[in-house]
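Per TrEMBL, the feature phosphate binding site maps to B:ARG86, B:GLY124, B:THR125, B:ARG126. Taken from TrEMBL, the feature domain 'Exoribonuclease phosphorolytic' applies to B:10-140, B:159-222.
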Number of protein chains: 6
Amino acid sequence: MRPSGRAPHEMRAVSLERGVTKHAEGSCLVKFGDTHVLCTASLEERVPPFLKGKGAGWVTAEYGMLPRSTHERMRREAAQGKQSGRTQEIQRLIGRSLRSVVDMKLLGERQISIDCDVLQADGGTRTASITGAWVALYDCIEWMKARNMLTVSPIKDHVAAISCGIYRGVPVADLDYPEDSEAETDANFVMTGKGGICEIQGTAEAEPFSQEELMSLLGLARTSIADLVELQKKAVGL
Amino acid sequence: MRPSGRAPHEMRAVSLERGVTKHAEGSCLVKFGDTHVLCTASLEERVPPFLKGKGAGWVTAEYGMLPRSTHERMRREAAQGKQSGRTQEIQRLIGRSLRSVVDMKLLGERQISIDCDVLQADGGTRTASITGAWVALYDCIEWMKARNMLTVSPIKDHVAAISCGIYRGVPVADLDYPEDSEAETDANFVMTGKGGICEIQGTAEAEPFSQEELMSLLGLARTSIADLVELQKKAVGL
Amino acid sequence: MRPSGRAPHEMRAVSLERGVTKHAEGSCLVKFGDTHVLCTASLEERVPPFLKGKGAGWVTAEYGMLPRSTHERMRREAAQGKQSGRTQEIQRLIGRSLRSVVDMKLLGERQISIDCDVLQADGGTRTASITGAWVALYDCIEWMKARNMLTVSPIKDHVAAISCGIYRGVPVADLDYPEDSEAETDANFVMTGKGGICEIQGTAEAEPFSQEELMSLLGLARTSIADLVELQKKAVGL
Amino acid sequence: MRPSGRAPHEMRAVSLERGVTKHAEGSCLVKFGDTHVLCTASLEERVPPFLKGKGAGWVTAEYGMLPRSTHERMRREAAQGKQSGRTQEIQRLIGRSLRSVVDMKLLGERQISIDCDVLQADGGTRTASITGAWVALYDCIEWMKARNMLTVSPIKDHVAAISCGIYRGVPVADLDYPEDSEAETDANFVMTGKGGICEIQGTAEAEPFSQEELMSLLGLARTSIADLVELQKKAVGL
Amino acid sequence: MRPSGRAPHEMRAVSLERGVTKHAEGSCLVKFGDTHVLCTASLEERVPPFLKGKGAGWVTAEYGMLPRSTHERMRREAAQGKQSGRTQEIQRLIGRSLRSVVDMKLLGERQISIDCDVLQADGGTRTASITGAWVALYDCIEWMKARNMLTVSPIKDHVAAISCGIYRGVPVADLDYPEDSEAETDANFVMTGKGGICEIQGTAEAEPFSQEELMSLLGLARTSIADLVELQKKAVGL
Amino acid sequence: MRPSGRAPHEMRAVSLERGVTKHAEGSCLVKFGDTHVLCTASLEERVPPFLKGKGAGWVTAEYGMLPRSTHERMRREAAQGKQSGRTQEIQRLIGRSLRSVVDMKLLGERQISIDCDVLQADGGTRTASITGAWVALYDCIEWMKARNMLTVSPIKDHVAAISCGIYRGVPVADLDYPEDSEAETDANFVMTGKGGICEIQGTAEAEPFSQEELMSLLGLARTSIADLVELQKKAVGL
């Protein structure tokens, strides 16, 4: 029995609210149950140095948690003077995931910066971030199209993510914090709308896991991500 | 004529929403028009080293802006590896303002950390932060009273804040961003429910200002802060 | 009775010694009693990025305290790897104060950097810094005029500063350290030669203060700053 | 055809040289072809704060690359003042991998720090590091047993790692740098001697990958890791 | 011919002014011509961790240059967030030099921190610092004796320093900046009152130097340092 | 009697192994007994800003110690976020030493960066670094000549280094760690093939040393360095 009473394959209530900030070219407040992440997409007419003059654009991401988004207050990274290894790992993952569904030549020499800021955390912040970031990115592209900066969208597909894990011996989807902190195995899956795998990160917390367990987690992820892609479609009106 | 069409003494629509995060002992989402700040109060059973063993508590504050809370994306302070001078100045102001209405002996050897994170900025983020922080602090104290950690509230009075300025020659209350960036003089006032002044910070942006101008700004502030205190009372049910 | 035996309106002995360093284009050793600050003005033929090509100059300031300028040795900020919030707040104030009396178009695309280094501290370092910095700035401009880099001075007026406070219930001018550490209210005033207010920063240390108290402090400040401006005039031979 | 002429399943020549430094309690110079990593295990009679008094030990890891271990010289992280996100990600992975095969209660309140320093890089530095680190850790435990600090080894199993990828459409094992920089998909696998999976990290560099591709990479990894475990056994004389 | 017209063995005018700051237990403003350094000695009733409980004291030093002590303004190290290699090298040298003439057992478990802050630089700041620091240290010890914290002085001897160099082929003493920036060889000597060598640092700037040149520089240094020791004696009234 | 049983003038076994890394333009693994340093020379087609457009090149050096190169594990400088004063002092010394034998005009507008990374430390790491760095630099120049980037070598002479010291009253050459940590005086000498002195750094650890002692150390150094130069010649085939 899961602490939340959910069935093993059951995700938390997911919502994707667009247009939540006045300034950003695209934005989305994503909620996976009590995990709430504010995602914004910011268009900048510049590219990182390694891309200058190459006719291609870039998508990058930064991630942060508000100090009291967590059960105990965390120290503010800006006050500590550095981002933790975990923060850097997550923002690199978000950036890679989004880049895997964007045609950089079509984007042109521009950078879109995605900021994912966790307002409230209850497990699965990185997967919620990726799922919401896609919506913010989509809206940023629409904003550009509306201004004739692009005629063809450089977005090739949806991308969404879910965490699955073995909790008390049972493979379950969309771990919340009580599950996450106890799970024997924890895996994050990033997949496209067509079902291709962009990223898979599985970690044995206590005992190593087997290929069969990996397969069952992948199966749960596939179904969940298909549902998340449907929610993305609804959110942006596709 | 103000860009927003408001009368000189007219504040923006202000709202104070309590209980907006699941984990914090007190929280408030404060909105002054399009300026939105999430304030949380976190109770910690420790005090800074200089207070150890002195039987008194402490209230401190940290402030941050989400990178795309502003019109142009700002660099993330955590990624830059330091807080700007402006950030530090603001968080010191918030902390001082709240401490001026708390009896530290009554609080006991505990620290309450207030985090003010700007989700969307349109001028006046520091004064909105102070106004909302009081509500978060109040709820944190109520949380402690409900758990018999305190019998008497250490909160001595309300504290709230407003920015006023000389805009195109006219003293106006509650500057929004278009006014703030053009105002000849910009002053922030922090006052208590009884009308005492906790803090006044007036800056001439272009020409020096006169004592009369200062007095007219102080008059506007007094009225506005009285209104803000009424809103705080309503918000917490006093 | 003040610890120093001064009358409430009485400033400490103030001296402004020019030309105290060999290298700087302008310099001033300012003393407010036992508070001693070395101010230098350094001309640089460049402007900050946001001013490039705009035909206007810039005046900026940095502030520091020698580690043993204080009663107890402080940690050296260079060794700690960062400037404190207080340091940044003060240097921002000094810079704003000076800029308020300089015509940046007349200065041309150049930067003048003011360094205010506290050799000995006994309260009022920021206000002494501003008062001395004006003399260093003036001499830097004279240095430029002597080399035909400027024909008209971009300095529009004097600027000087004083701290006043409520000490044991009495408004007093020019707080020294024993007063400053005990004052109920502490306010810094920055004013021009013509009596315009550039900056006012008032803080209630214990109890909030009233409008009447603010007015009495402002009155003390006005008289003191008029005296300081006279001393500046004498120092530079006006 | 692979640039090295290897068959798809063929690893590079792997060697594990023990006892390569005079000071460390355990050490191993691991070579996967031209990738050379010096691994040391350092015993310290202390644990991180979160483990104090809990009767359990800790194993942690740090990773670094010599500036000219790479084709182009990289900036030295110590000179830059921070470790990159990539470095932190890798050292977190190495630490987790080793902890998954150590019984922390049996280790007792001590910390073993593994340092993996890349002397020469040609792809697969993180997987070589994990494979060599196990040998250094094993020797550190033997050193402790020889001094009667432990009677039973806390090492529960072997752990080794390999990178596999889809290179020009073909699943191949043990990517070298020319393959790694061109591979469509790149996955790192960490497995135990018994074949349990500790960690799997798969990333689509260009196109998303399929479940079938993941399975074929996992199959290659399983065979390679079994070979690496045999080499570990030979190296330590089991 | 030296730019200053001095004879090869001739030092600049040297002065050692004691008691120049109100707060420090010992202080000295040392001038070697236009090189001016403010040295303070601060007594602290603590020792570094490696000396705790060992019954011995410590003497340490920090060094800094005011940003406009130099011909061109230097960046402020506190603003840059780190001390340069040169700064660290110099402060380590000052600390070692002073420790070589202090009996740490006699000092007892206390630390004396010497701060050497360059107000104006014209070559030889590190040697002036050492020479002045001894006076500040001496006065700090006298301050302690006057308070019965010590009965016997832990200072075993004088220590002073001079820079000598080969300038246009001629060995000269006490290089000023114009000489220093052109000298073929530059050497710093730290010696005791009895003529023992504490430290010698010789550097060939252009061509390597010979043993004979080293000897002639050492001879110049010996004479100069004997003169400096006499000036120290006069300064402190020995 | 020396701990190692060596005669006073006797160096440890020294070896200089070239071509030890695949990527660097020049490399050398230098061993002075149990002190092992990996030196690489990296050619970069750029110069530091102060040399741009001046037609001259630059040689610079960086130094690091692997965390467990020492008896007790040291903290990793990259993890601490800064290089220690000792590290900076040593890398500045290595750079100066090499520059003293290179004709920067002949090198042309290019930079050669020498990295000296200590794999195992047993005293004398800085002098071993300099001695090995010369070989790496030589090979880098040969690499350039082989590619017609240079026709004439900019290397004017050999440069090598040794530490000597007074150990239990006896002047000895090439201190190992047990001697170094106990020596009364410790001096590092850097000399050219022709016997010119590039750098001399002598430090009294306990008692000041005399001119005679300095001379005897210099004599030991001269002989040792002549031997090291012979070993360099053999190593590079001169």
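Heads up, the Cβ atoms here are built off N, Cα and C, so glycines get one too.
Those TrEMBL annotations? Automatic predictions, nothing curated.
Keep in mind that this is a model prediction, so the values were computed, not measured.
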Where's the emptiest Cβ shell within 10 Å among the binding-site residues B:ARG86, B:ARG126?
B:ARG86
Using the recorded phosphate site (B:ARG86, B:GLY124, B:THR125, B:ARG126) as reference, state which further residues of the same chain have their Cβ within 8 Å of the centre of those residues' Cβ atoms, listed in sequence order.
B:TYR63, B:ILE90, B:VAL118, B:ALA121, B:GLY123, B:THR127, B:ALA128, B:SER129, B:SER163
Site diameter for phosphate, Å, by largest Cα distance between B:ARG86, B:GLY124, B:THR125, B:ARG126:
13
May I ask which residues of the same chain, at least 6 positions away in sequence, place their Cβ under 8 angstroms from the Cβ of B:THR125 (phosphate binding site)?
B:THR35, B:VAL37, B:MET65, B:ILE90, B:VAL118
Go through the binding-site residues B:ARG86, B:GLY124, B:ARG126 one by one and keep only those whose Cβ is less than 8 Å from a Cβ of chain E; report them in sequence order, or 'none'.
none
Just counting, how many other CB atoms are there within 10 A of the CB of B:GLY124 (phosphate binding site)?
27
Using DSSP, would you call B:ARG126 (phosphate binding site) helix, strand or coil?
helix
